[in-house]
């Protein structure tokens with residue numbers, strides 16, 4: 001019995017010893033395997049880093065097997081030594097800026113969101129912006145045009161947004177080729193403002209789209225004459241910094257620094273036109289696109305001063321009329337108002353300014369071009385003098401785009417037009433026309449334009465020499481003089497000097513201000529669009545893409561005029577429901 005017990009003890013001891021030995025062996029094996037894997041990764045990263053630093057940075061490098069997912073994770077980084085395991089990695093040096101994006105396999109598009117190009121000083125939000133150093137995106141997949149965490153404070157309800165909003169989004173087609181040659185570099189379009197939707201029609205045509213946020217409203221366009229306050233047109237300065245960022249980094253993402261276009265719609269289009277008029281002489285931009293911008297090319301594009309409205313807003317929000325500690329001092333002015341408003345919540349400030357119905361636009365500066373004088377609103381175009389041409393940049397093509405009913409939505413939304421008597425409508429029209437043409441032209445224009453008799457409810461309106469007019473016709477009258485006529489006049493002046501200015505007016509049913517941009521940004525499978533609207537959207541995308549790539553929106557042909565006058569050179573889309581046609585008029589002769 002003792003012998004058996006000894007044998008059992010020995011067996012158990014041996015088994016325990018072997019178990020411990022096997023456990024230790026497995027532990028050391030796992031440890032060695034881990035160390036080996038770590039050194040292998042370090043070696044691989046070092047080799048990749050050496051390759052990246054000794055050669056041109058790769059635009060897109062795809063690692064691993066392909067997948068069928070519609071979206072893949074992408075890293076947009078400035079540091080090639082960051083070890084991140086992802087399907088698609090982009091190594092680019094962009095002032096040490098890091099951001100996350102998505103890969104859209106449907107159109108083979110890479111989207112990069114939330115790239116910081118400057119910082120707003122939160123202590124002094126009306127002041128100069130600050131440079132970006134070692135910035136990393138903290139918002140993940142963030143669309144700067146729609147996410148209130150990164151977009152600029154809105155001037156419309158619900159007044160959301162943040163002060164530190166100087167970001168940009170970049171969209172491009174993915175490629176993995178040798179981009180060392182100029183032939184492969186892609187043209188760039190810098191689109192100003194917070195646009196909702198996708199610009200895949202431009203990206204699919206080989207254009208790199210960069211959407212830029214900049215300060216607008218009161219934070220972007222404080223106009224004053226107080227020498228103590230060094231704030232002036234910060235919104236324009238933000239745009240300048242964004243352009244500088246793009247030109248400095250364009251080659252890193254295969255962008256062509258010789259083909260950079262600045263574009264905008266509506267109020268953003270006004271900023272584009274302002275930049276063209278005041279700063280085109282020193283910017284590396286080779287084209288401009290202005291969509292649906294009212295009063296283009298005129299002095300009305302700028303405001304002289306909004307100091308009084310700032311002081312009023314500051315007092316409403318609690319600023320004392322005189323300094324608390326110095327009652328002998330005079331009343332506070334714009335300097336004190338701006339200092340006080342710097343510490344007011346943006347939403348509260350925007351609400352007060354909205355109630356005061358104040359619109360902030362770029363402030364006038366030193367005129368570098370006499371284009372606004374040559375064709376300014378209120379002056380009849382009599383031809384361009386040779387001395388005026390030397391101030392007009394004839395080397396930079398400009399594309400202007402309008403719809404035939406830009407003003408229609410404003411008329412429809414204003415109840416005063418719906419219930420006004422004839423004399424009220426006539427006064428409104430005369431007020432609009434008198435700002436632009438000599439009085440004797442008012443009656444003449446009404447006789448030519450208003451030809452559609454109609455009734456609004458039970459009322460008949462006769463604002464122009466006994467002719468009746470409906471709301472739609474009134475919208476077209478105001479559109480011609482708020483949007484189309486000023487643009488036509490600046491085109492006439494520029495083309496008279498040999499410039500390449502293009503103007504297109506779209507006429508499609510029930511369209512008004514903003515519908516051209518809405519169609520351009522519509523999705524390919526959007527169900528609420530008709531077949532013709534899809535054709536129209538594709539046509540707009542094709543023209544803009546061709547203009548960005550080549551400098552002209554359509555193929556040039558004989559007797560094709562590159563501009564328009566009040567009644568000539570109009571491109572009409574919707575001449576027939578299912579066909580897109582181009583109608584041009586040169587010296588009174590219509591060609592189809």
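Each residue, glycine too, has its Cβ placed from N, Cα and C.
Values in this document were obtained by computation on a predicted structure and should not be read as measured data.
Feature annotations, courtesy of Swiss-Prot:
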type	residues	note
ACT_SITE	513	active site, charge relay system
CARBOHYD	68	N-linked glycosylation site
CARBOHYD	83	N-linked glycosylation site
CARBOHYD	95	N-linked glycosylation site
CARBOHYD	447	N-linked glycosylation site
CARBOHYD	510	N-linked glycosylation site
CARBOHYD	528	N-linked glycosylation site
TRANSMEM	12-32	transmembrane segment
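Packing around residue 510 (N-linked glycosylation site) is summarised by its Cβ count: 8 other Cβ atoms lie within 10 angstroms of its Cβ, all protein chains included. There are 6 other Cβ atoms within 10 Å of the Cβ belonging to residue 528 (N-linked glycosylation site). Note: the Cα of residue 528 (N-linked glycosylation site) and the Cα of residue 510 (N-linked glycosylation site) are spaced 15 Å from each other.
Counting every protein chain shown, the Cβ of the residue listed as 'active site, charge relay system' has 22 other Cβ atoms within 10 Å.
For the recorded site, residue 528 (N-linked glycosylation site), the DSSP three-state label reads coil.
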